[in-house]
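One structure is given below, encoded as structure tokens.
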Amino acid sequence: MKNLRFKDFFWYPDLTSTAGYDAIIQYLSDGKRTCKEVEDFMKARASIEERYAKDLLGLSKKVCGHNEMNTLKRSLDIFKLQTENVSLSHLQLAQSMREEAKKLEEFKEKQREARKKIEQQMDALHKQKSSQFKRTMDSKKTYEQKCRDKEEADQNMNRNTNTNNTKLVDKLHLKAQQAKQSAEEADKLYQQNVISLGKIRDDWLKEHINACEIFEKQSAERINFLRNTVWTHLNQLSQQCVTSDELYEEVRRSLEQCDIQEDVEHFVNLRRTGEKPPAPVVYENFYTGQMSPTGRPPTRLPPPAVRRGPLPDPTQNNRDDGRRSFEEDGEYSVIQY
């Protein structure tokens, strides 16, 4: 299948029309706008990566497992370190994206400068072509009018050929001669303008074909450059994922080395305070000084065991002696139940 080319499909029947050329220029303008949009997109993505990296860097500085110890502490320290490294890699990614956006901006500017020269040449040719076409068409109208004037003058002269008025005949003859001369001058000017317009048209055709080839080449370069730019952008993002995964893998490997039993035993050995529990607290009676072997106080004090002496002599009615005999009894308690 034959490749379709700009130079073969952007003509127009009207010599003064720029419809085909304008269609190409509009396409190039849309392409330039696409470049700007991709450039702005990448700059915005770079800013997002930079903000994310700075927030991540701040997060990596926060306290995390400060009071932990041994293997888990090492894992948490590596976790924070690799989080910091991930943030730094995102900063590098943001810088790489800005560099790619800068390349795209420079490419866009380079194409704009090259296209500007061609557009200036073509605009000048379009104006020259339109101006010369107008002059040619005006000279054509003048030429046609002069030809009609000449024919009219010839007809008037022929109608009055047999008249006896010599002065009128001479006047008509002179007028016919002048009309003929004017028609010949108009014809000459018209031919000159047609020749000039033909040369301008040839120059315009040549420049139009040249512009089409240059613009088509620029379009191909732009499409290829944008394609490669987006491809590189995606490679950067993929590489960032690989880098982040490698950094996170360091944390996973550290966690694999985290030994739960070892950390528990490490704490025991570091902070041990003794191997024997405290003795139970025993109950001590305030009055007797006796201790309960179980250490648990009774819920209620039992009545003291009292050894009673022989029955008193009923013939004796001395209460004081009786009271005194109780007080002298060592087993006697004054607590009443």
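Backbone N, Cα and C atoms are what each Cβ position is placed from, and that goes for glycine too.
Here is what TrEMBL records for this protein:
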COMPBIAS  109-126  compositional bias 'Basic and acidic residues'
COMPBIAS  135-153  compositional bias 'Basic and acidic residues'
COMPBIAS  295-305  compositional bias 'Pro residues'
COMPBIAS  318-327  compositional bias 'Basic and acidic residues'
DOMAIN    7-263  domain 'F-BAR'
REGION    109-164  region 'Disordered'
REGION    287-337  region 'Disordered'
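Counting residues 6+ beyond its ends, the compositional bias 'Basic and acidic residues' (109-126) has Cβ neighbours under 8 Å at 18, 21, 25, 28, 32, 200, 203-204, 207-208, 210-211, 214-215, 218, 221-222 in the same chain.
The DSSP breakdown of the region 'Disordered' (109-164), given as helix, strand and coil counts, is 51 helix, 0 strand, 5 coil. The average pLDDT for the domain 'F-BAR' (7-263) in the predicted structure is 91.
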